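Written below as structure tokens is the structure these notes are about.
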Amino acid sequence: MASKNLFLLAGDGIGPEAMAEVKKLIAAMNDKLGSGFTAEEGLVGGCAYDAHGAAISDADMAKAMMADAVLFGAVGGPKWDKVPYEVRPEAGLLRLRKDMELFANLRPAICYPALAASSSLKQDVVEGLDILIVRELTGGVYFGEPKQIIDLGNGQKRGIDTQVYDTFEIERISGVAFELARTRKNHVTSMEKRNVMKSGVLWNEVVSQTHQARYSDVKLDHMLADAGGMQLVRWPKQFDVIVTDNLFGDMLSDIAAMLTGSIGMLPSASLGAPDVKTKKRKALYEPVHGSAPDIAGKGIANPIAMIASFAMCLRYSFGMVAEADKLEAAIAAVLDDGLRTKDIFSAGMKEVGTTEMGDAIIAKFLG
Ligand SMILES: NC(=O)c1ccc[n+]([C@@H]2O[C@H](COP(=O)([O-])OP(=O)(O)OC[C@H]3O[C@@H](n4cnc5c(N)ncnc54)[C@H](O)[C@@H]3O)[C@@H](O)[C@H]2O)c1
Ligand SMILES: CC(C)[C@H](C(=O)O)[C@@H](O)C(=O)O
Ligand SMILES: [Mg+2]
């Protein structure tokens, strides 16, 4: 049997609370289904800084590089607001993405039928929504140089971040988006700001060329990213796959999260390129939400984004498609039964905590 080595980085705040539910699920799968996962745990974020003065240690970084898949909770929190920029909690996540070359971040936004009425948008706007944001994750303004604050010597300072994209980066992320579109509704919308950014001009050009050369069977639209944000809220069902850069993808996926009812619902997969020999790809799975310091420690966090991220792990890293489908169906069924964490609660439903929600999903999955 192929190895199934997981490396778990729960992180800070609600990260460990959500990860605890996935740990129970992994144990249950091993126990009841003989799934054969091994899981080792490490530190990332503020807890890693407290332990070793770095947002991730070299030893844990090496384990992440060797794992078949990394499961990541969330990092950050007010406790570490004043630590040096280079070792702030978020730096651990950015290092994982960069060193593992996880250039493709898949962020599906699905509105489960049971939650259509609880969205802040009108029911018919979100009902049946199933879109996929493909966010470029290792380039753009997140990593471009220079990135610094310069003292101008006249009482003024200058903060500089640099947006950089090379042809190959745009080509490979658009390839991922077109390939995925072929398995869905065959429609890609590329979002950039070519009206003000040179990188946007290049992005638009390379996506079009990639489309013409290899994917002309897929419908392609281009949209300015600001208008894209507006259209996501106006009529999101016009989209199938959205492909965009690192920063726009960050913002547009938080917007998309609210179409599903709560940011506590949105999973993600960050994937590298398949290895030429083994065809295996490095991968990290994480909820889109952060460490939610305002609710950490209260036992009320929604674990669904974390559990659905594990479903993506089953699908993309281990080819366990039937199990992934079953886990996603278990989430839908528990919502149909009326169970709700606080963030998705509406009148007449049963409010539950993190643990009860996790237990109910695991029971449905195994049942
Ligand atoms: N991947 C990550 O680790 C990640 C992602 C985003 C933000 N962050 C970090 O997290 C910290 C807090 O950031 P923020 O407040 O802007 O974003 P956040 O996503 O942590 O929280 C935003 C709001 O959503 C709520 N929320 C988030 N996840 C939830 C869940 N699972 N269940 C119920 N409610 C949930 C929070 O309570 C909060 O009100 C910052 O340090 C930020 O850098 C980390
Ligand atoms: C925590 C932070 C570095 C991260 C990002 O900006 O990419 C987060 O917001 C996300 O969406 O994964
Ligand atoms: Mg974000």
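Here the Cβ of each residue, glycine as well, is placed from N, Cα and C on the backbone.
Nobody curates TrEMBL annotations by hand; they come from automatic prediction.
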Check TrEMBL for me: it has Arg97, Arg107, Asp226 binding substrate, so pick out which one of Arg135, Arg184, Arg194 it puts in that same site.
-> Arg135
Measure from the Cβ of Asp226 (substrate binding site) and count the other Cβ atoms within 10 Å, all protein chains considered.
-> 14
Winner by Cβ contact number (other Cβ atoms within 10 Å) across the binding-site residues Ala292, Ala296, Ile300 = Ala292
Of Tyr85, Tyr142 (the recorded positions), the residue whose Cβ has the fewest other Cβ atoms within 10 Å | Tyr85
How long is the line from the C-alpha of Arg107 (substrate binding site) to the C-alpha of Gly77 (NAD(+) binding site), rounded to the nearest angstrom?
-> 23
Most Cβ neighbours within 10 Å, among the binding-site residues Gly77, Pro89, goes to Pro89
